[in-house]
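Trainee: Got a structure here, written out as structure tokens. Questions coming.
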Amino acid sequence: MAAKIIDGKTIAQQVRSEVAQKVQARVAAGLRAPGLAVVLVGSNPASQIYVASKRKACDEVGFVSRSYDLPETTSEAELLELIDTLNADSTIDGILVQLPLPAGIDNVKVLERIAPDKDVDGFHPYNVGRLCQRAPRLRPCTPRGIVTLLERYNIDTYGLNAVVIGASNIVGRPMSMELLLAGCTTTVTHRFTKDLRHHVEHADLLIVAVGKPGFIPGEWIKEGAIVIDVGINRLENGKVVGDVVFEEAAARASYITPVPGGVGPMTVATLIENTLQACTEYHDPQGK
């Protein structure tokens, strides 16, 4: 069996086009365009690349994008003060603080300071709690983007055995909640899991997010499984690969996401969707 490739680039572009049309309709009706504030502290090269892609996506769909590039020496108090200012700004619908933050700044304190209805990354405990209670509002971007991919490919998830490899706050844990909502019987594995291979071999839907190149051998994949590879790893030769051995896995799976061009583009597309949702549902619903 040769797996069908789940093309995240194409789906992400569709999502962005849909958002752009809705923004045009808002502006044509005399309403304001959604506003996103992107905050970067320091000069981490990877963070700069991610932030640039988010700003570009904002411009593409017609959002008002505001950039705050702060020096590495910024104090926690200064960053919290900026967030308070943005929380009070009625033209800003979403606040994104790029992680990781420099040493000496408490990530949790910063993320919790963002108003929940402007938390377009979906990391605030309020939004994670809403997802856990089956009443989601703004949802964590990567897990929600993965669900969108499955939906757009008309993959019926109800009753599937889903296995999530990795239990991070950003992907693994919220992903497990999304999968429960999608009707899956869900297992989350982590560094203390015994006999990882056994879990992988029984997965109808496998989602891998550990950040280790080739961590899951293709021979572990169940015939006909759906494989979602969240990993983005750059090898010494410059090649970008996922957490799953792609060629071997693609020979056994029914669907698989490539790296790059699978999950990555969906994370930014979902951020854009969340910002539009924050604007239209919480801040400026039809200009009321």
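Along the chain as shown, the residues are counted starting at 1.
Even glycines carry a Cβ here, placed using N, Cα and C.
Predicted, not measured: the structure shown is a model, and the values here were computed from it.
In case it's useful when we look at the structure, here is the feature table from Swiss-Prot:
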- Gly166, Ala167, Ser168, Ile232: NADP(+) binding site (BINDING)
Trainee: Let me make sure I understand the span of the NADP(+) site: among Gly166, Ala167, Ser168, Ile232, what is the greatest distance between any two Cα atoms, in Å?
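Mentor: It comes out at 16 Å between the most distant Cα atoms.
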Trainee: 10 Å Cβ neighbour count around Ile232 (NADP(+) binding site)?
Mentor: 18
Trainee: Counting every protein chain present, what is the number of Cβ atoms, excluding its own, within 10 Å of the Cβ of Gly166 (NADP(+) binding site)?
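Mentor: Taking all protein chains shown, Gly166 (NADP(+) binding site) has 23 Cβ neighbours within 10 Å.
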Trainee: Does Ser168 (NADP(+) binding site) have same-chain partners at least 6 apart in sequence with Cβ under 8 Å from its own Cβ, and which are they?
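Mentor: For Ser168 (NADP(+) binding site), the qualifying residues are Ala209.
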Trainee: Measure from the Cβ of Ala167 (NADP(+) binding site) and count the other Cβ atoms within 10 Å, all protein chains considered.
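Mentor: There are 18 such Cβ atoms around Ala167 (NADP(+) binding site).
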